[in-house]
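Residues annotated as GTP binding site in Swiss-Prot, with sequence analysis given as evidence: 17-24, 88-92, 142-145. For 8-289, the entry in Swiss-Prot reads domain 'tr-type G'.
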Amino acid sequence: MSRKTPIERYRNIGISAHIDAGKTTTTERILFYTGVNHKIGEVHDGAATMDWMEQEQERGITITSAATTCFWKGMAGKFEEHRINIIDTPGHVDFTIEVERSMRVLDGAVMVYDAVGGVQPQSETVWRQANKYKVPRLAFVNKMDRTGADFLRVRQMMVDRLKANPVVIQIPIGAEEHFQGIVDLVKMKAIIWDEDKGVTFTYGEIPANLTDVCNEYREKLVEAAAEASEELMNKYLEGGELSEEEIKKAIRQRTIAGEIQPMLCGSAFKNKGVQAMLDAVVEYMPAPTDIPPVNGTDEDEAPVTRKADDNEKFSALAFKLMTDPFVGQLTFVRVYSGVLTKGDSVYNPVRGKKERIGRIVQMHANNREEVNEIRAGDIAACVGLKEVTTGETLCDPAAVVTLERMVFPESVISQAVEPKTKADQEKMGIALQRLAQEDPSFRVKTDEESGQTIIAGMGELHLEIIVDRMKREFGVEANVGKPQVAYRETIRKTVEEAEGKFVRQSGGKGQYGHVVLKLEPQEAGKGFEFVDAIKGGVVPREYIPAVEKGVVEALTQGVLAGYPVVDVKVTLHFGSYHDVDSNEMAFKMAAIFGFKEGARKANPVILEPMMAVEVETPEDYAGNVMGDLSSRRGMVQGMDDMIGGGKSIKAEVPLSEMFGYSTTLRSMSQGRATYTMEFKHYAEAPRNVAEAIVAARAK
C-alpha cells in the first residue's frame, strides 16, 4: 500500500494557548472547515455538517483526542491536499511535563493569543518550552471581536515579553464588534468572509482608512523576506519588487529556521480568519522532511539518526497513553522513520521487550478510522501494547534504536491514600497502576510497616490531580493523608565498639547471640557496606549472614525519628556464641540491638532532601523572589539574564520549605513567574529543624 499523501504535504502541529484564548473553538473551527472542504465534492446541505459540529461539542472529541488528523486544500481550494495532524497541547501548564511531551513530537506550533489579554504568563512558559525543542511557530491573535481587542498591542507584547520576532502578514479590518475580515499583506488584498459560517469569502480592495498601516507593515514584511538570502536582499535594495512566490518562500525558510514568527489574526467564534490561518500552516510550517533527522542511540550506545523516510527502518516515540472505553488502552505514537503495519512486532529497547501491534487507529474530527499501516511523519494510536509507558521508543526488532528520552524527574513528595470503602479497594489498585503508566513522574508503593498505599509525585498539585482523576475516571473515592517529605538519617562519628546481646536462658532451649560492631560514617551517596572481620571463629561462619540481615533491618528505622539510615559502614569484629543456645534468630536480634546502641553514640543526624529550584521571573519581581527563597532557608546560587528577557534565579532550597510555593510565587509576581524544582541531594538538617522533625515524629 503506497502513501496517500506525500510526506512533503504533512504538517504535524500543536495548537497552544492560555486557558481563555479560545483554543477549543479554534480547534473545532479547524475541524469544521477541513471537514467541509474535504467533502466539497459531495452535495449536502450545511445542516448535516453543522449537526456533527453540535454533536462534537457535546462529545468534546477535539478535547479528548490526543491527536486528530484533517485535510486541507486551501481556503480557495487551490492547494494540493495537505494532511494536518493536530496534537493536543494542554491549556494548563501546572504540568509542564504534559506540554513538554507534546512539544517533543511536534514539528510546528500555532500560538493562540487573546486579542485583549495578549501574552499571558502561561504563554511565556509554553514559549520557553518551544524554544527548548526549537519548534517553529506562528502566532494567531484570536477574539478580534472582543471589546478591547488590539492586534498591534499583542505584537508589542510578543516582542517585550517573549523576545519574539513577529512578522505581521495580516492586518485586521476593524476590531471589536466592527471586526469584518483581514488584509492579506502578501497579496495586498482585503478578505471578507460571508455569514455562512465563513465557508465562502470574497477578495476586495484595502479600505482607505487602512492604506497607511498596511503599507507600513507590508514594507516590514518584504524586508523580513529579503533577509532570507543575499540574492533577495540585493533585489530589494535595488528597489526591485519581490514576487508573491519569493515572499512566501523566504518567510517559510526563516520561520522554519526559527528566526521569525508570522503573525495572523481572526475570530474563531465569528468564523473569521481560521481558514487563512490553515493556509499559513500549509505555507509556513515545516513538513517532517524540513526538520533535522531525529537523534538516538543503538544497542552499543553509539549515536545514530533516523530520517523521515519510508525506506528507513521503523522508529517511533510513544508520547501519550489514554484509556478508551471502547477499545481499552490507546498508545499514541509519532512515527519518525519507516513503516508500521498492523500485526507487526515492535521492540521496546527501554524494557527489552517485543510486543505485537493489534490495531492502528487514526482519529479524524468526527470518527476514528482503522488503518492497516502508518508511515514516517504519521501520528496514530496503537491498540494492543501492554508494557509501554510515555516517552519510550518503539522500533524495528532488527534495527534497534533508542530515541532521545524525555527526562522524567524523581518524585519527592508522598501521601498515604486509602480507599473509602471495601468496593473502592480493588478499583484503587487498578486506577493507580493505570495512572502511573500514563504519567512517568508519578509513583506508587506500599509502606512495609503500616501496609498503607503511598503515592509519590512532583508536588502537591500533582498529587491532588491524581486523586481527582481516580475519582472522575475510575470512580474511586479515597481519603488522603498529609503530604510527607522523605527524610533520611545518618551518623557523623565512628564508634569502635557497639555491643549487642540477645540472651534468653531460663531452662529448656535458650537463645544466645552476642556481637561487637564498629560503625563508621561513609561519604554521601556511598550507601551501606557490611564487613566481616571475625577472627578465630568467635562468631561461627553460619551466623554471619544473620548478623548482616539484622543490621539491614535496623537501617530501615533510625534511632532519632525512625527514618531510613543511609551511608554507614558496619564491621563485625568480635562476639561470642553458645554451643546449644545460639541460632540465626538470636544473632539477628543481637545485631539489631548492637547497631541501635552504636547509632545512638555515633552522633546521629537527620538528612533532608534539597531541591534545585529555578525561578524564571520578569525583572521587576527578582528582588522579592530572592528574598522569599532566602527566607525559606534557600541558598541563592546565581541569577542569569534569560534569552527573551527576565531573570533566571537558581537556588537550593529544602523541600519542606517549598510547600505552598506555587501560590506564593503566583501572588508575588501576578502570575508571571514560573518555577521548576527537582531533587538535588540530601543534606544535614540544621539542629532546630531536626529537633522539630524528631518532635513531630514522637507525637
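Heads up, the Cβ atoms here are built off N, Cα and C, so glycines get one too.
Structural mapping of features recorded in Swiss-Prot.
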residue : record           : DSSP class
Ala17   : GTP binding site : strand
Lys23   : GTP binding site : helix
Thr89   : GTP binding site : coil
Met144  : GTP binding site : coil
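When the binding-site residues Ala17, Met144 are compared by the number of other CB atoms within 10 angstroms of each CB, Ala17 has the fewest. The Cβ of Lys23 (GTP binding site) has 23 other Cβ atoms within 10 Å, all protein chains considered.
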